[in-house]
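Participant: I'd like to ask some things about the structure below.
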Amino acid sequence: MSKKTYSKLVKNQELTGDVIDLTYEGLGVVKVDDFPVFIVNSLPGERIKFAITRVLNSYAFGRVLGIIKESPDRVRADHPEMIASGIAPLVNLSYPAQLEFKRKQIRQLFHKVGIDDLEILPTLGMKNPTHYRNKTVVPVKFQAGKLVTGFYRRGSHKLVPIEDYYLNDPKIDVVVGIARDVLNDFHISAYNEISREGIVRYLMVRHGYHSGQTMLAVVATKKHLPHEKEIIKEINQRIPDLTSFLLNYNPKQTNVQLGLDNRVLSGQQVIHDTLLGLDFEIGINSFYQVNPQTTAVLYTKAAELAGLKSNQLVIDAYSGIGTIGLSIARQVRKVIGVEVVVPAVEDAKKNMLANRIENAEYIAADAAEQFIKWADAGVKPDVVFVDPPRKGLTSDLIQSLGVMAPLKFVYISCNPATLARDAVLIKEQGYRISKAVLPIDQFPQTMHVESITVFEKE
Ligand code: SAH
């Protein structure tokens with residue numbers, strides 16, 4: 001069957017249409033006789049003239065030629081590279097409209113699974129929704145005779161050179177630029193995915209919002225850099241407040257950015273940051289929330305909504321370096337955390353000791369497997385927090401949850417599609433959503449939607 005069976009659209013065809021939706025990637029959607037066309041930098045409510053750039057079996061891509069009717073929510077942010085690179089796909093949408101868009105998305109996804117009797121609260125946003133990220137991993141390439149840092153243009157292997165990434169803490173952008181220039185001065189090669197030659201793949205920078213500490217890692221295909229001593233000296237001269245300078249060895253043909261083999265080039269192995277009055281040690285391979293300002297709000301609200309009591313046993317699942325559990329440990333009898341990344345669990349244990357918390361315990365395991373073990377062993381937590389990655393929970397985990405039967409189940413979600421899917425199964429275990437879903441904008445200017453939902457035993 002040819003594509004034409006599905007669509008009459010052809011490349012370069014020019015059309016006019018109404019944008020009816022935004023995709024998860026931030027592309028506007030126009031339907032041509034029910035056939036969806038995805039168009040960068042077009043917003044719902046706009047009428048646009050566009051050209052077809054690519055036709056696939058069940059959808060096509062297009063490019064805006066002109067805006068006939070502009071959305072009242074469009075802002076002239078003047079950051080074309082942020083849209084081209086997909087770093088900040090919502091940058092052209094006013095911030096209040098972004099917040100409302102995220103709220104609406106949660107409502108629609110719950111509606112899709114048949115849950116309508118539910119309040120979705122207004123999204124809690126940031127005062128200044130830019131330059132909030134505390135971490136970046138930036139690809140490095142050799143282009144036009146020098147090392148370049150930036151981001152790939154959507155759907156391409158060409159780097160858009162960027163100096164101000166708009167979402168990163170400004171310190172991070174400065175460190176990325178210096179590191180790239182120093183490596184360039186010493187003629188260090190960039191890794192080339194096609195020839196599989198070259199050394200530097202990425203630069204990773206993490207900056208403690210409260211501590212001011214900074215980690216820089218060069219992700220490389222070799223265990224040692226040429227001119228390593230000179231590079232270390234130069235980097236430390238130009239970034240005198242650098243806390244940790246690492247070489248992360250990642251020789252594998254994979255799209256996993258960081259390897260697990262880290263060597264200290266200078267300074268410390270880790271950095272620290274404080275969150276809600278606690279000190280956290282953060283290793284390079286550990287997950288740490290990227291928006292430190294809203295994370296404090298997220299954890300505070302989650303704890304409030306859980307209505308914690310001093311005699312309670314609490315599970316902190318998908319616990320990372322222990323941030324949620326440790327921040328509430330003083331309010332409850334005991335916290336047990338479970339997390340699959342072993343170095344993160346080690347960080348959590350150290351963080352517990354460093355903060356003189358004695359009533360917590362961290363287990364390295366797959367959360368679902370651990371829930372099954374706990375359910376079998378008759379463990380009866382009062383409150384369970386889960387904070388899973390985008391793929392959400394498994395039905396195994398939810399069934400074990402039903403067996404353990406906590407009073408409250410606090411679901412922190414970074415993907416409303418899997419949250420809504422899981423909510424159906426959680427309800428089948430005898431739970432109802434207490435009050436409302438609270439969206440918190442952890443990732444302004446992007447399509448990511450974070451929220452807290454509290455389930456209560458019926
Ligand atoms: N609660 C932490 C981490 C949340 S991110 C915080 O707020 O900082 C999600 C975490 O889930 C990551 O640390 C990831 O390593 C972990 N994870 C992913 N899959 C898992 C699994 N199957 N079992 C347990 N933990 C998992």
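Keep in mind that glycine also has a Cβ here, set from the backbone N, Cα and C atoms.
Heads up, here are the entries from TrEMBL:
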{"type": "ACT_SITE", "residues": "CYS414", "note": "active site"}
{"type": "ACT_SITE", "residues": "CYS414", "note": "active site, nucleophile"}
{"type": "BINDING", "residues": "GLN289, TYR318, GLU339, ASP387", "note": "S-adenosyl-L-methionine binding site"}
{"type": "DOMAIN", "residues": "8-66", "note": "domain 'TRAM'"}
Participant: Can you give me the average pLDDT across the domain 'TRAM' (8-66), rounded to a whole number?
Facilitator: 94
Participant: Quick check for the class: what is the C-alpha distance, in angstrom and rounded, between CYS414 (active site) and ASP387 (S-adenosyl-L-methionine binding site)?
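Facilitator: Pair distance, Cα basis, whole Å: 8 Å.
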Participant: List, in residue order, those recorded positions out of TYR318, GLU339, CYS414 with a Cβ under 6 Å from any atom belonging to ligand 1.
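Facilitator: Result: TYR318, GLU339.
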Participant: Could you name the residues, excluding GLN289, TYR318, GLU339, ASP387, of the same chain that surround the S-adenosyl-L-methionine site, i.e. Cβ within 8 Å of the Cβ centre of those residues, in sequence order?
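Facilitator: Along the chain, the qualifying residues are PHE287, ASP316, ALA317, SER319, GLY320, THR323, ILE324, PRO388, ILE412.
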Participant: State, in Å as a whole number, the widest CA to CA span among the S-adenosyl-L-methionine-binding residues GLN289, TYR318, GLU339, ASP387 given in the record.
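Facilitator: Looking at GLN289, TYR318, GLU339, ASP387 as a set, their Cα atoms extend up to 15 Å apart.
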Participant: Sort ASP387 (S-adenosyl-L-methionine binding site) into helix, strand or coil using the DSSP assignment.
Facilitator: coil
Participant: Hey, does DSSP put GLU339 (S-adenosyl-L-methionine binding site) in a helix, a strand, or just coil?
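Facilitator: Its secondary structure by DSSP: strand.
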Participant: Which residues in the same chain, at least 6 apart in sequence, have a Cβ under 8 Å from the Cβ of ASP387 (S-adenosyl-L-methionine binding site)?
Facilitator: ASP316, ALA317, TYR318, SER319, GLY320, ILE324, ILE412
Participant: As a test of the contact definition, list every same-chain residue at least 6 positions from GLU339 (S-adenosyl-L-methionine binding site) whose Cβ is closer than 8 Å to its Cβ.
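Facilitator: Non-local contacts for GLU339 (S-adenosyl-L-methionine binding site): TYR318, SER319, GLY320, GLY322, VAL345, ALA348, TYR362, ILE363, ALA364, ALA365, ALA367.
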Participant: So what sits near GLN289 (S-adenosyl-L-methionine binding site) in its own chain, CB-to-CB under 8 Å and at least six residues off in sequence?
Facilitator: THR295, LEU298, THR323, GLN442
Participant: What is the three-state DSSP composition of the domain 'TRAM' (8-66), stated as helix, strand and coil residue counts?
Facilitator: 0 helix, 35 strand, 24 coil
